[in-house]
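Listed in Swiss-Prot:
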BINDING   D90  Mg(2+) 1 binding site
BINDING   D90  Mg(2+) 2 binding site
BINDING   N219, S223, E227  Mg(2+) 3 binding site
BINDING   R314, Y315  (2E,6E)-farnesyl diphosphate binding site
COMPBIAS  1-14  compositional bias 'Polar residues'
REGION    1-20  region 'Disordered'
Amino acid sequence: MKKPNGTNGASSSLEPPPSTFQPLCHPLVEEVSKEVDGYFLQHWNFPNEKARKKFVAAGFSRVTCLYFPKALDDRIHFACRLLTVLFLIDDLLEYMSFEEGSAYNEKLIPISRGDVLPDRSIPVEYIIYDLWESMRAHDREMADEILEPVFLFMRAQTDRTRARPMGLGGYLEYRERDVGKELLAALMRFSMGLKLSPSELQRVREIDANCSKHLSVVNDIYSYEKELYTSKTAHSEGGILCTSVQILAQEADVTAEAAKRVLFVMCREWELRHQLLVARLSAEGLETPGLAAYVEGLEYQMSGNELWSQTTLRYSVVVD
């Protein structure tokens, strides 16, 4: 088995600029990872043992515990299960056309709502159905608030925008949907039991958008080699290369490695902007205790996403 340079989506020579953000992980990470991984190993149709090992090595529950380190102990497993199944579906979509992927996701939407019963012989259907039913049983109001953000994310995954030429600004706007920022925000609120009013959420829209850029670009930096490999081996539509690394490299006429270094500096600027926007919110007397917890949660999403992206084997490229 050959493992080329650039595993974890970035060459070993890439040294990120220092960050003032410090990641935090949920204290139940080991327990919940074992529980959730065990569930999917039992129920998901992995094609072979190699795929099962790759799934465990990706650490989907770990990234969820880094995203939501202050989730309530009795809710973190819901978040882990939801992000895990969405990651697994995302992998399947790479080998489908946009039309096939859209049909696949659209079939899951009414099942998620509970409007249609699942086919119990199809794991993805009953996993999705059972998960949403259990989340609604725990907190129907907050679970229902996650539905539309999840559907927005699922539809962005198969949006033909991915195949169109985009500048960096247009790309970041698209990725706000594709990276699932609204989904992550709603799932964070659910996992923390954090109820915010529409007016409170309106006050942090700019902070949300800023966080989305950071999440998207950090993922792009570390997943570039994996995405490049996928673009050559997966479906021509589902596996299309759509990344800020490629866009900046082409627009600025620099190498992919140079583009990564520039993008990392931008990420640090977005961190500074996050701090400035949060300080302004407080100075204007608009920060409630709920919003203070929310914007702190966004900071943990950014730092946690970066730590996971640096270390996950999901972004490794392994060639047999």
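The backbone N, Cα and C atoms fix where each Cβ goes, glycine too.
In the three-state DSSP scheme, N219 (Mg(2+) 3 binding site) falls into the helix class. Straight-line distance linking the Cα atoms of S223 (Mg(2+) 3 binding site) and Y315 ((2E,6E)-farnesyl diphosphate binding site), rounded to a whole number, equals 5 Å. For R314 ((2E,6E)-farnesyl diphosphate binding site), the number of other Cβ atoms no farther than 10 Å from its own Cβ, over all displayed protein chains, is 21.
For E227 (Mg(2+) 3 binding site), the nearest of the binding-site residues by C-alpha distance turns out to be Y315; the candidates were D90, R314, Y315. The Cβ of D90 (Mg(2+) 1 binding site) lies under 8 Å from the Cβ of Q157, each on the same chain and at least six residues away in sequence. Rounded to a whole number, the C-alpha distance linking R314 ((2E,6E)-farnesyl diphosphate binding site) with N219 (Mg(2+) 3 binding site) is 11 angstrom. According to DSSP, Y315 ((2E,6E)-farnesyl diphosphate binding site) is assigned to a helical segment. Recorded residues N219 (Mg(2+) 3 binding site) and Y315 ((2E,6E)-farnesyl diphosphate binding site) have their alpha carbons 9 Å apart, per Cα-Cα distance.
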